[in-house]
Amino acid sequence: PYCPPAPDCCSLRYGLALIMHFSNFTMITQRVSLSIAIIAMVNSTQPHGLANTSTEGPLPDTLTDPSRPIKEFNTGASVYEWSPETQGIIFSSINYGIIVTLIPSGYLAGIFGAKQMLGAGLLASSLLTLFTPLAADFGVILVIVIRTIQGMAQGMAWTGQFTIWAKWAPPLERSKLTSIAGSGVAFGSFIILCVGGLISQALGWPFIFYIFGGIGCVCCLLWFTVIYDDPMHHPCISVQEREHIVASLAHQSSSRKRSVPIKAMARCLPLWAIFTGFFSHFWLCTIIITYLPTYISSVLHVNIRDSGVLSSLPFIAASSCTILGGQLADFLLSRNLLRLITVRKLFSSLGLLLPSLCAVALPFVASSYVTTIILLILIPGTSNLCDSGFIVNTLDVAPRYASFLMGISRGFGLIAGIISSTATGFLISQDSVSGWRNVFFLSAAVNMFGMFFYITFGQAEIQDWAKEKTITRL
C-alpha cells in the first residue's frame, strides 16, 4: 500500500525512540550500579568480588548469617563483610530474574499492552534500586531477593519494547528507531562507569542507588504520560504521521487475542538463525562487559581510576555505532540499494566478524597500550552493528509475536552470557596469558558459527504461521 511521507523531525515515533533510549539508559545504570558500589560496600580486608564469579562456587555460609555493617567510611556509608562467593551470587541474581520473566512477559505484553508492562517493570526496578541501601543493612539475603525481583522487572521492560515497535516502526525505519532506543544501553554503561566512582567517593555509595533510582522514577512519569501502545490511540499524533505508520504496517495483524504457534516456531529455521545470532553476540559482549576492567588492570597494569575511565570508552563507541548503523541500514533500504534480507545479513556478519578479528588480535598486541585500547573500543562498537541485523529481525519475520520471540532470543543471550562467564573464569584461572588467548579464540569461534548459521538460514519475510489469516495445525 501507498505510505504517505511523514517527516522524521519532531515526529512522535522518534520521540518514542528517545524516551525508550532514556528507559534503556535508566535500566542499565540501575543494573550496573551495584557493580560500582560494591567496591566501597565490602570490607577492605575482604577480596573484592567481581561479576566473573557470578556462576561459580557453592552457596557460602554467609548467606545463612546475614551480614551487618561493620564500619563506616568517611562518607558515613556502611561497609559489609561479603565474601567473593557471596558477591558472585548477588551479581548473578539479577540475571536469573531476567531469565524467569523474559518469555512470559513477552507473551503478556502482546496481549495486555506493552505500555503497562514496560512501565510497570521500569517503575519496580527504580523503586527496588532506591531500596537497595536499606536492604543491605538488613542482610545479604534481602539484597539477593531484591536483585532477583529487579531482574524480573527489567525482563518485563526489555521484552515489552518490541511489542511497541511492532505497532510504531515502519519497516523502512525499524533499524533507525530501534538503534536509537537500544543505544541507551551503551550510553548508560558509559555514564555509570564514568560517574559511579565519583559519586561514591564524594557522597557515599548509597547515593549511586538514590540518584539512578530517582532518575528511573522521573522516566516512569514521562513514560506513563506520553506513551501509547499504538499510534491509532495517541491524542497528539498528526494525521500525516498516523497515516504513514498505519499504511506501512497494513499487512500486519492488529489482533491481540491469538494463540502462539509454538510447534511452528520450533520448526522455523529463520527463527533458529536469530536465536543462534543472539547466543553468539551475547557470548562475547558479556565477556567484554564483565571482564573489561579486569583485563585492563591485569594486562595494561593501570590503577583503578584509570581503569574505570578506560572501561567506559568502549561503550560510548558502542552507542555511536548503534545509531550510525541504524541510519546506514535504513538509508540502504529507503534508496532500494539492497534488499531487506541482504541488509540484515550484512550487518549481522559485520557485527559478528569484526569484533572476532579484534578479539583474536588482542593477545598479540598486549605489549602495545594504544593498540590494545583501540581494539577494546572497536569490539563493542562493531559488535553493536548486529542491532540492525538479527536483533531487529523478529519484527521482519513475525511482527505479531515480536515481543514473545524477543524474550526467547534474550533468553538464549543470557544463557550464553552465563556459560561464557564461567568458561572465562575457568580459563584465566589456569594461566593468565594462555587463558586470555583461549578466551578470545573461543569467542571468535562462537561468533563465526553464529554468523555462518544466520547467513545460511536467515530470512526477512513474514513467516506463514505469523500471518493474520494463516491457521497452523499443531
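Just so you know, glycine gets a Cβ as well, placed from its N, Cα and C.
TrEMBL annotations:
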DOMAIN    16-462  domain 'Major facilitator superfamily (MFS) profile'
TRANSMEM  94-114  transmembrane segment
TRANSMEM  120-146  transmembrane segment
TRANSMEM  177-199  transmembrane segment
TRANSMEM  205-228  transmembrane segment
TRANSMEM  268-292  transmembrane segment
TRANSMEM  312-334  transmembrane segment
TRANSMEM  346-366  transmembrane segment
TRANSMEM  372-392  transmembrane segment
TRANSMEM  404-428  transmembrane segment
TRANSMEM  440-457  transmembrane segment
Quick one: do the transmembrane segment (268-292) and the transmembrane segment (404-428) reach 3+ CB pairs under 8 Å, ignoring pairs fewer than 6 apart in sequence?
yes
Between the transmembrane segment (346-366) and the transmembrane segment (440-457), do 3 or more CB pairs sit under 8 angstroms, pairs being 6 or more residues apart?
yes
Residue numbers, six or more beyond the limits of the transmembrane segment (372-392), whose CB comes under 8 Å of its CB atoms
174-175, 178-179, 182-183, 186, 273-274, 277-278, 281, 284-285, 288-289, 292, 295-296, 299-300, 310, 313-315, 317-322, 325-326, 328-329, 343-352, 354-355, 358-359, 361-362, 365-366, 409, 454, 458
Please report, as numbers and ranges, the same-chain residues at least 6 past the borders of the transmembrane segment (94-114) whose CB is under 8 Å from any CB of it.
31, 54, 121, 147-156, 158-164, 229, 256-257, 260, 400-401, 403-408, 410-411, 414-415, 417-418
For the transmembrane segment (312-334), the distant same-chain contacts (Cβ-Cβ under 8 Å, at least six residues beyond its ends) come to 171-180, 182-184, 186-187, 189-191, 193-194, 288, 292, 340, 343, 347, 351, 373, 376-385, 387-388
Relative to the transmembrane segment (205-228), the stretch among 120-146, 177-199, 346-366 with the most Cβ pairs under 8 Å is 120-146
Looking only at residues six or more beyond either end of the transmembrane segment (120-146), which have a C-beta under 8 A from one in the stretch?
23, 26-27, 30, 33-34, 41, 62-63, 66-69, 77-78, 80, 82, 86, 89-90, 93, 105, 153-158, 160, 205-206, 209-210, 212-217, 219-220, 223
Confidence summary (mean pLDDT) of the domain 'Major facilitator superfamily (MFS) profile' (16-462)
83
